Amino acid sequence: MGVLDNTKGLILAMLSSLFIGTSFILKKKGLKRAAAAGTRAGTGSYTYLLEPLWWAGMITMIVGEIANFVAYMFAPAVLVTPLGALSIIVSAVLAHFMLKERLRQMGILGCLSCIVGSIVIVIHAPQEHTPSSVLEIWTLATEPAFLIYVAVTLSMVLVLIIYFEPHYGQTNILVYLGICSLMGSLTVMSIKAIGTAIKLTLEGISQAAYPQTWFFLLVAVICVITQLNYLNKALDTFNAAIVSPIYYVMFTTLTIIASAIMFKDWSGQNMNSIISEICGFITVLSGTIILHVTREEEPTTLPGTIIWYDGDRAKGLEDAHYITLHSPDFFQ
């Protein structure tokens, strides 16, 4: 791969992070405006769909994701993937100035720890095999190891949606982001298949005749819709400066695991790389804990809300009317 291609990939990846980081802020401002005029997305409302600012954030995110997708066509994953951490910095800085979500000094340290740890993990992650056709990816996707991963992932998502979301969705950020990240790992696997199909088709080897191509497309659409739904709930419920890094860490980690299982990337890894990856995980975990401990909560301003304190943070308990009407929904 030439230097020019690497440069194109680098620029596209950086632009992708800028767009995606900005989209978090635009979408949250849109969610706040929608909440002021109606019911919050975190309680099952979809009034934010009428908010232009939310759509501006959605379009910005789509542009960023497209740029990220194209970047992988020019540069290797080891160069593109770590740059996704830049979106954390963008969203944290913009949230500080535009949303008045103050990021304290220890919070900055936690954010940096998440970035450093994630970069270490990605850099030392094994090289993946580039599939030569959609049929090859289908063969990998239907092997027992990956089918077990898919079954475990979907089971965890169902448990989070059916049990944990109604009880802890409004108080524990890991519920919403767990669903988003688990589905995201499956999204990436499908996107890789779609990307391979597009690339081969442009080279004159059409993949449209294979039903597997359309199956991967269907899976990608379902997973993306689920991710966006629960991401909206996370942004509406929790501090944007906290959502961004935790989502990045969980999504990156699960994607690496899914890719390693599906493409058998871990075979042939030396001990130095394994130790470096473990250190990266520890660094990420430490940064996540720091972010949780030092985060600054937003005051609850919704009508009909009761505030109580549990020692560390203020939480909103919606009145009996809203509790009676509350029912579990799908992904933020």
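Note: Cβ is positioned from N, Cα and C throughout, glycine not excepted.
Marked as transmembrane segment by TrEMBL: 6-26 (among others).
The transmembrane segment annotation in TrEMBL covers 46-63 (among others).
Taken from TrEMBL, the feature transmembrane segment covers 69-94 (among others).
Per TrEMBL, transmembrane segment is recorded for 106-126 (among others).
Annotated transmembrane segment per TrEMBL: 146-164 (among others), in sequence order.
The feature transmembrane segment is assigned by TrEMBL to 173-194 (among others).
What TrEMBL records for 214-231 (among others) is transmembrane segment. The list of residues near the transmembrane segment (214-231) in space but at least 6 beyond its ends in sequence, with Cβ under 8 angstroms from a Cβ of it, reads 58, 134, 137, 157, 176-177, 179-180, 183-184, 186-187, 190-191, 193-194, 197, 243, 247, 329-332.
Through the fold, the transmembrane segment (238-262) approaches residues 21, 24-25, 28, 81, 84-85, 87-88, 91-92, 95-96, 99, 101, 103, 107, 110-111, 114-115, 117-118, 121-122, 125-126, 128, 140-141, 143, 145-146, 149, 153, 173-174, 176-178, 180-182, 184-186, 188-189, 231, 281, 284, 287-288, 291-292, 295-298 of its own chain, all at least 6 residues removed from its boundaries and within a Cβ separation under 8 Å. Residues or ranges marked as transmembrane segment by TrEMBL: 238-262 (among others).
Per TrEMBL, transmembrane segment is recorded for 274-293 (among others). Distant neighbours of the transmembrane segment (274-293): 106-107, 109-121, 123-125, 242, 245-246, 249, 253, 312; these residues of the same chain sit at least 6 beyond its ends, with a Cβ under 8 Å from one of its Cβ atoms.
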